[in-house]
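Single-structure report; data block below.
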Amino acid sequence: MQQCRNIRVHALTAEENLVRFAAHAYMSNEEFDLMDWRHKAVCRDEDPELFFPVGNSGPALAQIADAKLVCNRCPVTTECLTWALDSGQDAGVWGGMSEDERRALKRRNARTKARTGV
């Protein structure tokens with residue numbers, strides 16, 4: 001990590017640069033910029049398995065709570081949740097919400113749209 005105007009900057013690895021290059025080749029600049037939030041995500045330095053518990057009861061509840069603690073420290077939670085909802089991510093904790101919470105949110109949004117006709 002290096003300091004730049006009191007902001008911590010994460011230097012991209014060669015692999016991350018390759019992934020960015022490959023992704024950009026298949027996306028418009030606008031689409032690529034929308035995905036750039038991932039480089040600011042706190043979870044990028046965590047074990048990905050933390051965010052994908054097996055089940056939604058018992059020990060999985062503690063794992064979900066731990067994942068949400070990471071999300072609570074993250075500056076891009078809103079972008080993460082929006083992406084998860086827009087791209088249909090059904091598994092895991094995204095944007096500080098569990099699978100069940102996102103499903104409930106989708107149902108509420110669908111009911112609201114049905115009532116308002118929007």
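From the backbone N, Cα and C atoms, a Cβ is placed for every residue, glycine too.
Remember, TrEMBL labels are computer predictions, not curated facts.
Features of the protein shown, as given by TrEMBL:
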BINDING   C43, C71, C74, C80  [4Fe-4S] cluster binding site
DOMAIN    42-104  domain '4Fe-4S Wbl-type'
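Feature map: TrEMBL annotations on the structure.
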residue: C43; record: [4Fe-4S] cluster binding site; DSSP class: helix
residue: C71; record: [4Fe-4S] cluster binding site; DSSP class: helix
residue: C80; record: [4Fe-4S] cluster binding site; DSSP class: helix
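Most Cβ neighbours within 10 Å among the binding-site residues C43, C71, C74, C80: this distinction goes to C80. Shown in sequence order, A41, V42, V70, R73, V76, T77, W94, G95, G96 are the same-chain residues outside C43, C71, C74, C80 whose Cβ sits within 8 Å of the Cβ centre of the [4Fe-4S] cluster site.
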